[in-house]
Amino acid sequence: MSDLEVKNNALNEDGTPKTAKQLEKEAKKAAKLAKFNEKQAKVAATADSKQPEKSKENQKKPPKKEEKPVVTYDLATPAGEKKDVSVELPGQYSPQYVEAAWYPWWKKQGFFKPEYGRDLSKPNPAGQFVMVIPPPNVTGSLHLGHALTNSVEDAITRWHRMKGRTTLWVPGCDHAGIATQVVVEKKLKREENKSRHDLGREEFVKRVWQWKEDFIVPLVEKRELTGRTELSVPGHPDKVVFGVLVQFAYPVKDSAERLVVATTRIETMLGDTAVAVHPDDKRYQHLLGSSVVHPITGAVLPIIADAFVDMEFGTGAVKITPAHDPNDYDVGKRHDLPFVNILTDEGRIVEGFGEFSGQHRFECRVKLTKKLEELGFYVDTKDNPMVVPICSRSKDIIEPLLKPQWYVKCDAMAEDAIAVVASGELEIIPKVHEKTWNHWMSGIRDWCISRQLWWGHRIPAYYVTWPQAEQAGVDEAARWVCGRSEAEARKKAATKFGVAESEISLVQDPDVLDTWYSSALFPFSVMGWPEKTRDMELFYPGTLLETGHDILFFWVARMVFFGRKLLGKLPFKQVYLHAMVRDAHGRKMSKSLGNVIDPMDVIKGITLEELHLQLEENSNLDPKEVEKAKMGQKSDYPKGIPECGTDALRFALCAYTSQGRDINLDVLRVNGYRNFCNKLWNATKFAMMNLATPFTPFSSLKELHAMGSLRIVDRWMLSQLAVAVRDCNAGFQDYNFQAATSALYSLWWYNICDSYLECIKPRLYGQPCADRDAAQQVLWTCLHTGLRLISPFMPFLSEELFQRLPVPPGAVQPESICVAPYPDTEDYLMFIDEEAEEQFKLGQKVINEVRSAKAKYDIPNKSKIELSLMSDNSSTQMVLESLSRDIATLAIASSVTVTTEQPSGSVPTPVGGDCVAWLKLQGLVDLSKCEERLQKKLAECLNKSGALTADMAKDSYAKVPDDVKEKNSDRLKELKAEEEQTRDAIQQLAAMKKE
């Protein structure tokens with residue numbers, strides 16, 4: 001099987017059988033991959049045939065590094081049954097092995113249910129935590145933004161559950177009205193050559209319900225243009241010019257003057273109903289109250305004064321088209337102007353405009369410009385940087401049109417929303433977003449909730465007619481009623497108009513509600529509202545809403561509106577807003593850049609060729625954009641993306657999350673956290689080999705604290721553990737996930753793995769005794785506590801290892817780490833030991849200085865040396881004596897002697913103010929050769945620093961970028977320090993030779 005083939009498996013990873021749709025999709029992917037392979041092979045063969053024949057010597061390739069086989073969990077475990085943890089752990093960490101089987105078991109055991117382990121009819125003294133997921137679009141393909149949201153939310157929920165709270169995290173997805181309807185309509189046209197109208201509303205909605213698997217891109221793409229640009233537009237044979245400003249003149253009525261205006265859409269001048277100038281613009285004061293004559297229609301248009309006009313832009317005179325521009329709409333409302341629609345729904349000029357009627361809007365654009373030239377009213381066309389809104393579904397240019405719509409009045413709800421934040425009843429985290437909140441709420445407009453679609457929640461509004469309706473003289477706008485059903489609406493209409501129900505005819509509005517309207521109901525509709533359900537009683541209002549800051553207004557505010565308006569309660573007490581995910585270069589995620597990554601590709605790994613194939617399957621991209629995206633992928637992922645696993649991705653995303661900043665995520669750095677998983681795996685695997693029977697862990701932390709045989713390194717390790725417990729709890733409490741993950745990384749990598757485990761190896765390998773037992777008890781406590789600490793971020797790895805730890809006698813082991821108690825800060829305060837931390841810090845300083853000295857004298861780090869630690873301070877001597885075995889282990893010394901006298905045949909290395917470490921070099925190294933190497937090293941150092949100094953002294957150096965200057969200055973400092981250290985080493989060797 002080639003590297004790119006897709007192996008179809010009839011079962012999902014959780015052991016459940018795949019659906020026919022899943023198998024069909026996988027088969028299609030396999031076929032496409034095979035076709036792609038064939039194409040690539042042909043390209044390679046063609047390239048080879050064009051190459052000149054190479055010599056046999058040149059044809060030799062370096063031996064390929066043998067890849068380790070991927071370890072998988074292959075034991076027969078029915079879906080939902082517990083994984084077999086009696087078998088030995090594999091030799092290497094494998095995400096596929098670790099992540100297998102756990103989730104179906106967690107789900108079947110009910111660990112995620114709020115009622116697990118408790119009676120919901122009784123209050124929980126620990127409290128409760130309720131949160132709803134920001135519902136992703138049903139059409140949406142997964143991206144790293146989803147992964148960030150769910151990693152953070154799942155970690156928060158797991159922490160609260162482990163803290164003993166009644167916990168409910170409600171999932172769901174958004175029906176994505178526009179996106180879904182477009183996808184299904186395209187599918188219908190492609191496969192059956194039918195429109196939704198051919199099917200009818202009822203049948204079409206059925207088809208949408210059947211549709212499950214596809215993906216879509218964002219609704220609107222904004223194309224930024226720097227100037228004149230020709231774009232292809234669907235349905236129009238010629239390319240259309242954008243990025244220009246067309247100037248033309250309006251003749252002032254009864255005057256020889258002309259008023260020059262400018263527009264990016266010249267065709268909209270057909271719908272102009274006024275020309276506006278700023279009231280303070282002295283150039284046009286004399287024209288206020290006058291009119292201009294429309295050069296095409298002959299209509300007389302007023303010249304009005306409005307402060308929205310920018311006097312500095314263009315000529316300072318602005319054409320007003322209220323029916324085709326949002327700003328002009330407001331001007332039209334303020335000045336009571338006519339609203340003239342010039343376009344049909346198909347984008348053609350409506351009747352009543354002579355030769356232009358029936359023309360495509362962009363055809364009209366060209367012909368109207370020529371007409372104005374002929375009439376002498378055309379002035380000029382200039383480049384104009386602008387943003388063109390493009391529908392990503394159809395690739396057509398979006399055009400504002402007037403349509404009758406339903407609105408929700410928001411001013412009173414917005415005032416209330418400002419008040420609840422100001423009073424602290426609703427807390428927005430980070431606090432910096434309160435300013436955005438108040439900005440959106442102040443001067444809020446009514447909310448348009450109509451969408452001209454069939455898929456979605458149909459607006460429950462009915463147009464009423466009856467035989468005598470015309471004679472009754474009821475205004476059109478007043479002939480609407482709302483109702484939960486047609487029967488209720490009919491009853492309302494009969495009462496409102498004083499007509500018998502039997503005479504009433506109703507026609508329901510065909511529009512559906514805005515998706516955000518439905519989403520605004522989410523926090524309580526999922527609990528069974530409008531019914532008074534037990535879920536509503538128990539779980540509303542919620543505790544927290546966690547989401548991206550980009551939908552603070554669109555979703556968060558609307559939920560607050562509806563919660564307060566319909567139920568009189570806020571839907572949640574806190575809002576935590578995470579940052580947006582950008583790529584490693586700080587760029588927004590965009591398919592055209594090739595930097596939109598499916599989190600499953602990070603979890604499972606993907607080749608560069610497969611990434612390219614995904615782009616080719618995305619028909620929404622222009623072929624040129626596909627090639628551009630491929631180049632981006634090749635630059636960022638030349639070898640594809642390695643398999644990182646779920647835990648590494650979750651931990652990386654939470655580690656990157658900092659309040660108030662966007663996240664520049666280097667996907668390849670996630671692999672660094674996979675290495676962290678591997679470190680944790682190997683350390684725990686080694687530790688458990690030394691915690692086998694007859695070892696039995698203590699039942700309580702107090703027993704451990706009372707041990708009299710704890711050494712400095714044991715007390716230091718327990719103090720570090722207590723600090724990590726404190727920092728992790730504080731991190732979750734404050735939504736500072738970066739602090740929590742940093743504490744965990746330091747605890748596991750630096751404290752447990754690099755320091756403590758290495759220090760206690762000699763004790764673990766020794767005979768059973770109190771000293772060995774102390775090391776084992778501390779080690780078990782670190783593992784048991786550390787795994788529970790990291791579990792919210794790394795649920796799979798922590799479960800796999802936690803299940804294998806020895807259990808204290810008589811203790812009730814939690815079924816899963818999911819429901820094990822999270823380490824409590826108060827319980828570990830007894831281990832905070834500042835004295836032990838200071839003492840071990842001295843030992844660490846000795847170790848670091850010795851390692852540096854080895855490097856200075858060109859001694860391999862693994863070479864054992866005789867080490868003498870000289871000090872006149874009695875307390876320092878006592879600490880060094882206590883730490884001598886630990887220093888010997890970590891500094892790789894054959895012996896460590898604490899002394900007050902200078903040893904012979906040794907070189908000194910200062911350690912603080914009252915300690916000197918002496919390394920014995922006689923008999924270990926050839927002093928002459930060592931000096932020769934150091935002299936060579938000094939010469940190289942001097943050459944480099946001299947060359948850099950000369951470059952920095954040149955006149956042209958002033959033109960060098962500041963960041964390069966800064967790097968050069970730092971490098972020069974490093975070279976000077978290296979030079980000084982090397983000179984000192986040469987002097988010490990010379991002194992030793994004289995002994």
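One-based numbering along the chain as shown.
Cβ from N, Cα, C; glycine included.
All TrEMBL annotations are machine predictions without curation.
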Given ranges 620-647, 956-983, the stretch to which TrEMBL attaches the annotation region 'Disordered': 956-983
Ranked first among 102-216, 289-346, 714-867 for CB pairs under 8 angstroms with the domain 'Aminoacyl-tRNA synthetase class Ia' (385-666): 102-216
Arithmetic mean of per-residue pLDDT over the domain 'Aminoacyl-tRNA synthetase class Ia' (102-216): 82
Long-range Cβ neighbours of the region 'Disordered' (956-983) (under 8 Å; 6 or more residues past either end): 856, 934, 937-938, 941-942, 944-945, 948-949
Residues in the region 'Disordered' (956-983) grouped by DSSP into helix, strand and remaining coil: 26 helix, 0 strand, 2 coil
Tally of DSSP helical, extended and coil residues in the domain 'Leucyl-tRNA synthetase editing' (289-346): 10 helix, 14 strand, 34 coil
